[in-house]
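The active site, thioimidate intermediate feature in Swiss-Prot is assigned to Cys186. Under the heading NADP(+) binding site, Swiss-Prot lists 108-131, 216-239, citing sequence analysis as support. The K(+) binding site annotation in Swiss-Prot covers Gly181, Gly183.
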Amino acid sequence: MRIEEDIKLGFKDVLIRPKRSILKSRSQVNLARCFSFKYSASIWSGIPIIAANMDTIGTFEMVKSLSKFNILTAVHKYYSFEEWKNFVCLSSKEILNHVIVSIGTSNIDFLKIKKIFLLSSELKYICIDVANGYSEHIVSFLKLVRDYFPDKIICAGNVVTGEMVEELILSGADIVKVGIGPGSVCTTRVKTGVGYPQLSAIIECADAAHGLNGQIISDGGCTVSGDIAKAFGGGADFVMLGGMLSGHKECSGDIIEEKSKKYMIFYGMSSVSAMQRYEGKIAGYRASEGKTVKIPFRGSVDSTIRDILGGLRSSCTYVGAEKLKELTKRTTFIRVTEQENCIFNAFKE
């Protein structure tokens with residue numbers, strides 16, 4: 001047993017210090033990024049936000065809406081091959097270029113993804129989707145996928161420490177997904193006692209990845225656009241959103257009505273709801289590590305995305321970053337004990 005004495009930080013523990021700026025308007029800020037990758041020869045450009053590969057969020061409908069903003073969607077792994085076939089046949093090149101195909105680590109998953117990628121050469125991204133990226137099994141599976149798909153952009157995770165980021169990149173990952181337990185419907189940290197505050201995980205993992213010409217995705221923990229800015233400021237190349245995109249018509253799940261108000265169900269992928277839906281039961285050796293909540297129905301995701309991007313542009317303006325790429329080097333975090341004045345929060349409509 002050992003104890004690390006350094007205090008690790010989450011988004012709520014810091015604010016970004018404002019700095020002198022020559023920008024006159026938020027409209028001058030360019031949020032697009034352009035990345036080359038360690039293994040794939042592809043070049044990616046767009047806004048580096050990704051809809052999470054949760055079954056309620058990473059839907060084909062979400063792909064169609066977010067592609068208009070040049071934003072990626074990690075499509076969940078529970079669609080059948082026939083559903084993929086129908087989607088690919090009916091989708092344009094522009095839409096397919098914004099799809100990340102998520103898979104598990106079983107032989108069935110590997111056979112399925114081989115069939116999916118035969119449907120179109122416009123599919124370029126793979127996400128190996130497991131909760132615990134520290135397993136030897138994911139490393140061996142990642143090597144298998146990289147050998148079979150040498151030209152695809154592959155991300156793998158989830159991890160929260162630099163040494164495992166390095167291991168995954170050296171095993172074939174272009175991008176590593178960072179985050180254990182920060183999600184809005186994740187209870188891993190309280191159920192297992194395992195995790196890592198997200199901002200510190202980003203800072204440490206980004207340093208490890210960038211030293212090997214890799215990238216990271218910050219996955220989880222963002223509740224407002226300011227958190228997204230902090231993730232980019234800490235060194236994240238991409239930010240993945242789940243809860244912030246929940247409750248929209250592009251999400252899967254039924255709309256329920258109670259007392260004249262509409263809601264959608266949102267749950268973690270290790271929750272009782274998810275396990276019963278896809279496995280029919282909770283395995284005797286498992287415990288739920290997620291929660292199920294009702295989210296007020298919010299209509300189209302378009303207005304939420306515009307609000308997020310507007311907040312991100314404003315963050316850049318406050319520190320003088322004309323491009324999102326400049327935000328990290330323009331960021332100075334200050335430790336704080338408060339984030340906002342909450343006196344009237346109870347009166348919000």
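The backbone N, Cα and C atoms fix where each Cβ goes, and this holds for glycine too.
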State the three-class DSSP label for Lys114 (NADP(+) binding site), counting H, G and I as helix, E and B as strand, and everything else as coil.
helix
Should Ile108 (NADP(+) binding site) be counted as helix, strand, or coil on the basis of DSSP?
helix
How big is the gap, in Å, between the Cα of Ile108 (NADP(+) binding site) and that of Cys186 (active site, thioimidate intermediate), rounded to a whole number?
26
Between the Cα atoms of Lys114 (NADP(+) binding site) and Gly181 (K(+) binding site), what distance do you get, rounded to the nearest Å?
31
Go through Ile108, Gly181, Gly183, Cys186, the listed recorded positions, and name the one with the sparsest Cβ surroundings, counting other Cβ atoms within 10 Å.
Ile108
Please report the Cα separation of Ile228 (NADP(+) binding site) and Gly183 (K(+) binding site) in Å, rounded to an integer.
13
Whole-number Å value for how far Gly181 (K(+) binding site) lies from Ile216 (NADP(+) binding site) (Cα to Cα)
17
List every residue in the same chain as Ser120 (NADP(+) binding site), at least 6 positions away in sequence, whose Cβ is under 8 Å from its Cβ.
Val88, Leu96
Name the secondary structure element type, per DSSP in three states, that contains Ile228 (NADP(+) binding site).
helix
So which of the binding-site residues is most packed in, judged by how many other Cβ atoms lie within 10 Å of its Cβ, out of Ile126, Ile216, Cys222, Ile228?
Ile216
Cβ contacts of Gly234 (NADP(+) binding site) (under 8 Å, same chain, 6 or more positions away):
Leu199, Ile202, Ile203, Ala206, Ser218, Thr328, Thr331, Phe333
Out of Gly181, Gly183, Cys186, point to the one nearest Cys222 (NADP(+) binding site) in space (Cα versus Cα); all of them are recorded positions in the record.
Gly183
Expressed in Å to no decimal places, the gap between the Cα atoms of Gly183 (K(+) binding site) and Ile126 (NADP(+) binding site) is 21
Looking only at C-alpha atoms, tell me how far the residue listed as 'active site, thioimidate intermediate' is from Ile126 (NADP(+) binding site), rounded to the nearest Å.
23
Between Ile126 (NADP(+) binding site) and Gly181 (K(+) binding site), how many Å separate their Cα atoms?
22
